[in-house]
Structures are given as C-alpha cells and as structure tokens.
Amino acid sequence: MVASPATSDPEAVRSVTSAPVDRKGARKAILAAGTGNALEWYDFAVFAFLTPVLSQLFFPGEDRIAAILSTFAVFAVGFVMRPIGAILFGRIADKRGRKVALIVSVTLMGVATLLIGIMPTYASVGLLAPALLVVARMLQGLSVGGEFGASASFLVEYAPPHRRGFYGSLAYFSANAGSMLGGLVVLLFTLLLSAESMTGWGWRVPFLLSFPLLAIGMYLRARIAETPQFEAVKSTDEQVSSPLSTVLREHWKAMLTIVGIAVAFAITSYTVLSFILSYLITVIGFTPIQALTAVVLATAIGSCMTPVFGALSDAFGRRPILIFACLAGLALPYPGFLLLQNGTFGSALLGMVILWIPVSSFCGVTPATFAEMFPTKVRVSGFGVAYGFGTALFSGTAPFVATLLVDVTGSSLAPAWYVMVAALVSLCVILPLVRETRHDTWVG
C-alpha cells in the first residue's frame, strides 16, 4: 500500500498503468474539454458581469446595494448545487466514463443558460421571476459541479507524465477564456446599446448566444475517445460499485486537504472574477463600460499567466507553486485594492493584474495537484466532490461577503483583508499536509 500522492493518508491506494500517451488524442482532448469548459464559464461569467443589470430587473424594489446583494445571493445558489453535481457526475464519470459525463454536463449548462435568456422579469410576473432565476442557477450549478472535476481529470489523464501540471492548467485557462468571452460580449452590448435597450432586451442576448457554443461543445465531445487510463481500469475490473462511498472511506484526508486549499483559492478567485466589477461601479464610481473593459483586460492577462504556472509546477513542483500562491494571496491584495481606489483606469487595471497573480498561481497548479490525490477509479468523484464542497462554501459566498464587508465596515479595503485571511488559512493547510507529487507514478 502506498500513501496518497498529495496527503499522508495511509489508506489511499495507487497502482501503475502502462497506458501509452496518445498525442493526437491528447490534442483532441484539449480542444474538446477546453471548448466545453469555456462554454460552462462563459455562462457563469455572463451572469456575474450582468449583475448590475439583473439586480434592477429581478429585484427592483430594493436599494442599489440590497439589490446587488440579492443578485449575488442568487449567484451563490449555483454554488450550493455544485457538490450535488459533483456527486452525480462523479459517479457517471467513474462508472460510465469521463466522455459521457462531459457531454451531459455541457448540455445541461446550455439548456439552463438558454432558460435565463428567455425568462420573464419581475415587471412581468412579479416574485415568480426571481424564483425562476434561482431554478436556472441551480441547474447551472449542478452542471458546473460535475464539469470541472471531470474535465480537469480528463486532461490530466491524457497528459504525458512530465506535463500533467501544464495540461491540467488548461482546464482553468479555457475556463478563464470563457469568462473573458462572456465579459467581451457583455461589454460589446453595453457599448452598442442604450441603457434602456440593455435593460429592455439586450441583457438576454449574451445568454442566448451560448446556443452555438453548446452545439460546438457537444460535437467536439461526442468525437473524442475515452482516456487510456479509464479504459485500463475498466478492462481490469478495478471499478468500484460506489465511487463516493469508496472515496469518503479511503481518501477522506485528501478531500479535506482540497477543501482547505479551496479557502484561499475560491475566495481569491471569486473576489477577483465576480466581485470586482460591481465594486468598481458601486464603490469606486466607474461607468459600466470602464469597469467591464478593465475587468476583461485583466482577465485576459490573468488567463495567459495560468498555463505558465502550470508549466512551472511541472518544472519545480506542485508544493512550491501552492505555497507561492498563498504568499501572493497574503502580500498582494492590499496594494491591489489600494490601486483600485485611485479611481483611474490604469491604476484599476494594474490593481486587478496584481490580484490575478495568486489566482493564476492557484489555477495553474491545482488541477494536477487535486487529480494526483486520487486513483483513477475514484478520481472524478474525489476531485469533484471535494472541490465542489470547497467552492460551495467559499466561492459563491465570496462576492456577497466582500460586498457586505464594504457596506458594514465602510472601508473599501475590507475585501483585501478577507482575501489575506483566506490565504493564511490555506497556507496552514498546505505546509503540513501537501507533499510533492510531480514525479509520482499514479493512476490505477
């Protein structure tokens, strides 16, 4: 018996496979997983970027801060569903295959997003409107909860052994690219349409545009082959009857470690990805166009840093990059938010790029790190459920908590301290519990 690759769990079992690396298949895997992942996060990002508009349409009777808090609360509902999605799709991926789970998850996300695009507003149906919005967000959360563990595991399983960090980072690179695309689409319509047109019908179009992305994602995923590692496990009858119960019984320490890492990763990521836009508009006084432009540019720069950190984790190890990410999360939020406070476009962009450094570090290293914590037969369930619970607890609530902290304390720097405390918590988890895994032979 060999210890779990990334924790001290003595019950974790790893076995070796000689499944060869199919480089042509790996390229197809990157394209298929990346396109679908981009769609998932395009849809999530559109909701986040349209928060100032949606708050007026679905919560019109409240003051501005209360309406935004209500919209962020609906945003958080999607994260509550993530663990359920991870359980459901983890079982599908570990029993039926990664490919099946990826096709179903991208279809569910596309349908849920289209529903938001045709949904009546509060002015038309009253309280039914926010209720329907909650249902659509629940479906989106179910989809994303199943998507990320499956797509990241899919990419890492296709990777050459010495490039697992880089391949895994492409899961977040594509996710961030989807977020950037969502921001660009919202920015384009904000520039082209008047405020009245945007609140009247323009807000629907970015959601409806997910349909062609859905069709492309489904087509590409239908044409990919299953990962060699999953096929190897399936052919040797190593599959377990209940992946969830197995992973809870044998790999619970690895799962708790992931949740501990998610404290900093999730809070930092969603403070930057989802909170900053409304912060720039409501607190700093940017126009929506200024704020959207700055956020999209920062997201583009941050996205490009992600695979760099993935490659660095292959060269120097997972543990050093994880520690660097936490130290960056301790050192950079305060100067980053100070720059945001200056009120100029240039300082805001620089501040967000600085805040993206810990985010990109985490995005680059965590997919391979988390995948390496579990054997193939329960990898998607272990990765997905632990990550799903971590994001449910800390990602969806981050924009809400950050907005509330600014409102309660009266300090526009309060979110910086929130991120810094989260980084300290995760550092205290990583130092004693996470060991180096980049050279480990694993799958099984």
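The first residue you see is number 1, and the count goes up from there.
Cβ atoms are placed via backbone N, Cα and C, with glycine included.
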Stretch carrying transmembrane segment according to TrEMBL (options 39-58, 139-158): 139-158
Contact call for the transmembrane segment (170-195) and the transmembrane segment (383-404): at least 3 Cβ pairs under 8 Å, seq gap 6+: no
Intrachain neighbours beyond the transmembrane segment (416-434), with Cβ under 8 angstroms and 6 or more residues off its ends: 6-8, 253, 257, 260-268, 271, 318-319, 322-323, 325-330, 333-334, 336-337, 355, 358, 369, 394, 398, 401-402, 405
For the domain 'Major facilitator superfamily (MFS) profile' (29-438), mean pLDDT (0 to 100): 90
